[in-house]
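Data block below; observations after.
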Amino acid sequence: MKDLLKIFKSQIKTDEFDAIKIALASPDMIRSWSFGEVKKPETINYRTFKPERDGLFCARIFGPVKDYECLCGKYKRLKHRGVICEKCGVEVTQSKVRRERMGHIELATPIAHIWFLKSLPSRIGLLLDMPLRDIERVLYFESYVIVNEGLTNLEKNQILSEEQYLNALEKFGDEFDAKMGAEAIKLLLNSINLKQECNKLRDELNNSNSETKRKKLTKRIKLLESFIHSNNKPEWMILTVLPILPPDLRPLVPLDGGRFATSDLNDLYRRVINRNNRLKRLLELSAPDIIVRNEKRMLQEAIDALLDNGRRGRAITGSNKRPLKSLADMIKGKQGRFRQNLLGKRVDYSGRSVITVGPYLRLHQCGLPKKMALELFKPFIYGKLEKKGLATTIKAAKKMVEREESIVWDILDEVIHEHPVLLNRAPTLHRLGIQAFEPILIEGKAIQLHPLVCAAYNADFDGDQMAVHVPLTKEAQYEARSLMMSTNNILSPANGEPIIVPSQDVVLGLYYMTRKKINAKGEGMIFKNSKEAEKSYQMGFSELHAEVQVRITEYKKIDKQNFLKNTKIENTTIGRAILWMIVPKGLPFFMVNKILGKKSISKLLNTCYRILGLKSTVNFADQIMYTGFNYAARSGSSVGIDDMEIPKKKSDIISEAEIEVSEIQEQFQSGLVTAGERYNKVIDIWAAANERVSKAMMKNLSTESTTNKQGNEEKQISFNSIFMMADSGARGSAAQIRQLAGMRGLMAKPDGSIIETPITANFREGLNVLQYFISTHGARKGLADTALKTANSGYLTRRLVDVAQDLVVTEDDCNTHKGIIMTSVIEGGDVKESLREKALGRVTAENIIKPYSSDILITRNTLLNEKWCNVLEKYSIDSIKVRSVVHCDTNFGVCANCYGRDLARGNLVNKGEAIGVIAAQSIGEPGTQLTMRTFHIGGAASRAASESSIQVKNSGIIKLHNAKSVINSEGKIVITSRNVELKILDKFRRTKESYKVPYGAIIAKMDEELVNSGEIVAKWDPHTIPVISEVNGYIEFVDMIDGQSITRQTDELTGLTSIVILDTSERTSLGKDLRPALKIVDSNGENVLISGTDMPAQYFLPGKSIVQVDNSIKISSGDTLARIPQESGGTKDITGGLPRVADLFEARRPKELAILAEISGFISFGKDTKGKRRLIITPYNNNTPYEEMIPKWRQLNVFEGERVEKGDVISDGPESPHDILRLRGVQAVTKYIINEVQEVYRLQGVKINDKHIEVIIRQMLRKATIIKSEHSEFLDGEQVEYSRIKVSNRNLSKIGKKTAIFSRDLLGITKASLATESFISAASFQETTRVLTESSVAGKKDELRGLKENVIVGRLIPAGTGYAYHKKRLKNCQKDKTKEKNKPSSISVEEASANLSELLNSTL
């Protein structure tokens, strides 16, 4: 019997599917789903509680309420399976069919589906080419629409009001046909011949020139084509049959007290059925038109509410005044089907508890409370008890476990042995938020966590809770052990550095044991090895910090097994010698023979991992932790109030500052400085005073004097507890110590501005009431900020994950030669990020040639590991071309070589690695550490912004990039080109420093000259832009008429007069069209040409310029003719932190963005309009010039006649990434976004590898717009997936046809997520209704390529171990297909099931 049931069950196993298609349902299809028509609005009988016949819960339509039992009770039990009761008409089967059987309602009149009507752009409106307003008026019975115009002068689709309709009737009689309501729209949709219409529109498109019209036509053609391709019929957007959800999905549950809780859908369905039945009755009675119309309108509204309540008009509310939840609300939003149930399922076999420290654990262990383990592993225990014969049945085993017999604990030990569990701490911001451990049973009720994994979890023990999950199957356990075990996750996937790093106590302990002390007990002793040194310390013969000599044996790794041995006597301390005992063979002694802070310990672990591999590193990390805890306890570090020593100079410094402030106050009152300057100066004074106090304090804290062996006084690093904690990096920082023992300093108001009275007290002295009040200001803002930040950061992560979720490594090599050029990041005089850091773990895109020779140093496609990076440094190579995901040629996914090293493992990335999600997590996870605020520039900052010279830090050679210069009359070099870069190179020609030099700067040294450090190489005036002559000659004024275009001003102090150009707004009507300029002529009055061109040398002057020369005087090249004052833009806010990162990834166009040159050519200015000037760029080959209107208030960087290259900055401002992509290409936009994002993270000290940002950029660039389709299948102006264009163009060029011409688009991450090929992924992200409407009309097919789609349909994801599974599945699919082709036709499914049921019935 059991076997038979098994056979029966195996019959209904679902087939593997490859894709999911969404389309419009035709009325016949809806009827085919249905098991019967619902005719009555009744639900259940109030006395018997049985469902009413033909009602919304009818058992005849939807199936029996109880398993294998008909409604009237005539047939019960399994043996009547499949019988239909002749009395109540119910089929005897399982009651779960009530979850899958649907019903339907035959509507008395067609009804428009609100999604296709109101979800913008309205599909019905687009198809009929009618405005939405008009369609609505027809649908809701306000106007008529002409369905058939006949022989009249009316037009089809024309809207007539009641009055116009009556007039037309009088005039034409029944020549024409006009209707209202959904039936009219249905007739119109029915009458469209899609193919004909489509061809007609294509012809129109080819003949029309207006941009807006073309856009509209393209939209309609796309819609029509999608209907043709998908075999959807337009009239299916109008419902004639309404499907009804299975009743168990909209349940009616009895509550105690005789009341019922019901799903809102039942109310909505009831309204529909009531109105539909009433309408049927009215139609049978042939009631007056106006009544029928009203009923039809009400039915339309009822169905609108059922499908999407509140989309049109007021939402229908229930008895308790809240809007009813419609079908659309069921699937959208955070509580909808997608995000609540499909992507966020709850997990069985899990528990949670508070965490506490387990300092004695090994790295791969965690402490699990016995009580929890017993509950979590129950089924395993039952199984074991039964298998061993200790319990006869499961019930008996259950009793034993409940009684907690002693044998149960032994069994639990066996079960748990080598069965990993997963520990998760919410919020899981990156993949290290879930790791696997082997459980160790402990008493108590708290989970014990290994201290070293706290950093990965971001956990602390102040009441954090964690969840435990049990992997059940063998495969799951194997996966947890091999991939998720904490010992396999030593490196952070974000930057490839160890994340298992000691912190706090451990760091303090190691720091303490590696410190030196002058004249400590046992100084100068010599030991034969570390063991002896430790013994001496334990016996009390010497102190931990004593400087001694120890014989040390170092091992250097040659290959996997062999080491090179080297023994020598080293000067060290006892503590370091003890620490050397736990260091694994293969690491050099110098790494331990120094004071170890947090950074050095991290470096030690990193080196250990790179040289000795995983196993040694894990053991070493554990040993470090035990040793650290041990010696931290012995150090006895504690915080006492006397440890916070206040510097003696403090009061003097503060009183000096107060005197300075009062001086400034006096100047302000006598009117010498403005209020703003006073405020900035006061703040600067206090900031400087605070610096001085804290310097004095740190000097005081960090050193102490002691007597050495010779009896002389000597300074040594202090053993002050607070200083040691900060110095080792265990806890606290100089800034915090400053508040304890220096002065608290300046505080900010909640709006970010600084309060000018600082808090001069520190926490040791205590604050008075005013000081306390001021400090609460900032503190509250901090708390509010944190709350906001968490939400914003979470949303950013969600968008990033969504845009990148389908990127997986799918092949080894795409063989592309493209790549990005890597150089070190240098700003001013300091290297922000070296080439080594940037290139590590990348694959070279071209051979790297040895400098000054033609030998190949590193071949193409080499993975640059630490060894190769040393080679790069040795040959001082400063720029290389490496592969990048942005340029990867793989169609779906990325190849391993373009990605490079898997940062968390340290080798080339494996196929199936979900790099998209990892990138998103790496960028999103530190989001909460970024600031939320925008910075206000003021005080010290604003002065730094206006530098006026370049002083070099290193000696070297000067290199000028794209510099044009002239020599002025004083023999100095003046720069006359824009965006000049000045670099300082060392003797290997490596860039050491890099500066931007503005137009008009005076340079002290020429290209390729030597400079010494500290030399000033360039100077300029930061407040004005000069106009510099490039030729010699005489000045001639053009259009400079006193009172009309210029005015003369006399300076009161010097008595000199100067000519000032009037702004257009200040000129008289006569002077409006004048264009003042300085022209340079030779002695005969002829134009002088700019060298190398045929442009006369004349300089147009913008308003407010100050002219520095007079008419017809002689000038020589390099002289300043005029100065344009720079408007000090006041305090411009810089968007920083999280909002800046979000702006970059959303590719938002900044306000007042930089204007870039669209083409290369010469600049000239045309006729101005009221508020704008006309900029004209004439290309070098005199083709059609490019014109642009620019607002007058924009400061331009270019003068008439200047040459610009495509993409040069014409007017300063923040650059728009879209412009950079259009004018400078993919490479430039990649570089721009990476640098800008890294800038924000660098400020917070967060390290993220560039390749993660590149992964997101690749996803932002995945669409392109077709400019000219040529022979391809695309439309002009259509936006298409870039990979599709690539594939299509490859195929076209193979057969020798013209390929499509396209331009790449940059989409923000939200847009890119919604524009993904997969509609399931897009619908579950945002705007569910719109996505589903669009996809169903187009009959979209989801190939289930991404991770999200597969999670939603409940399959393994195509990444990691699931990647192999899907590959295998596809192989088998193809095999089966070929088999089926060759297989002779066999018995049909129907016959088989008939035979089976016969067999079953005979045996029962």
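From the backbone N, Cα and C atoms, a Cβ is placed for every residue, glycine too.
Note that the structure is predicted; figures quoted are calculated from it, not measured.
The feature Zn(2+) 1 binding site is assigned by Swiss-Prot to Cys70, Cys72, Cys85, Cys88. Feature annotation from Swiss-Prot assigns Mg(2+) binding site to Asp460, Asp462, Asp464; the stated evidence is sequence analysis. For Cys814, Cys888, Cys895, Cys898, the entry in Swiss-Prot reads Zn(2+) 2 binding site, with the evidence type sequence analysis.
In this view, the densest Cβ surroundings among the binding-site residues Cys85, Cys88, Cys898 belong to Cys898, judged by other Cβ atoms lying within 10 Å. According to its DSSP assignment, Cys72 (Zn(2+) 1 binding site) is coil.
Following the DSSP three-state reduction, the secondary structure of Cys898 (Zn(2+) 2 binding site) is helix. Each of the binding-site residues Cys70, Cys72, Cys814 was scored by the number of other CB atoms within 10 A of its CB, and the lowest score belongs to Cys72. Geometry remark: Cys72 (Zn(2+) 1 binding site) versus Asp464 (Mg(2+) binding site), CA distance 56 Å.
The two recorded residues, Cys895 (Zn(2+) 2 binding site) and Asp460 (Mg(2+) binding site), have Cα atoms 39 Å apart. Asp464 (Mg(2+) binding site) and Cys88 (Zn(2+) 1 binding site) are 59 Å apart (CA-CA, integer value). Of all the binding-site residues listed (Asp460, Asp462, Asp464), Asp462 has the fewest other CB atoms within 10 A of its CB. In sequence order, Ala59, Leu71, Gly73, Lys74, Tyr75, Glu86, Lys87, Gly89, Val90 are the residues of the same chain, not among Cys70, Cys72, Cys85, Cys88, whose CB sits within 8 A of the CB centroid for the Zn(2+) 1 site. Most other Cβ atoms within 10 A: among the binding-site residues Cys888, Cys895, that distinction falls to Cys888. Taking CA atoms as the reference points, Asp464 (Mg(2+) binding site) and Cys888 (Zn(2+) 2 binding site) are 43 Å apart. Each residue contributes its Cα atom, and for Asp462 (Mg(2+) binding site) and Cys814 (Zn(2+) 2 binding site) these two points are 50 Å apart. Nearest neighbour of Cys898 (Zn(2+) 2 binding site) by Cα distance, taken over the binding-site residues Cys70, Cys85, Asp460: Asp460. Excluding Asp460, Asp462, Asp464 themselves, the residues of that chain whose CB lies within 8 A of the CB mean position for the Mg(2+) site are, in sequence, Ile355, Ala459, Phe461, Gly463. Shown in sequence order, Glu811, Asp813, Thr816, Arg883, Val885, His887, Asp889, Thr890, Val894, Ala896, Asn897, Tyr899 are the same-chain residues outside Cys814, Cys888, Cys895, Cys898 whose Cβ sits within 8 Å of the Cβ centre of the Zn(2+) 2 site. When the alpha carbons of Cys70 (Zn(2+) 1 binding site) and Cys814 (Zn(2+) 2 binding site) are compared, the span between them is 63 angstrom. Note: the CA-CA distance between Cys888 (Zn(2+) 2 binding site) and Asp460 (Mg(2+) binding site) rounds to 41 Å.
The secondary structure of Asp460 (Mg(2+) binding site), as reduced to three states from DSSP, is coil rather than helix or strand.
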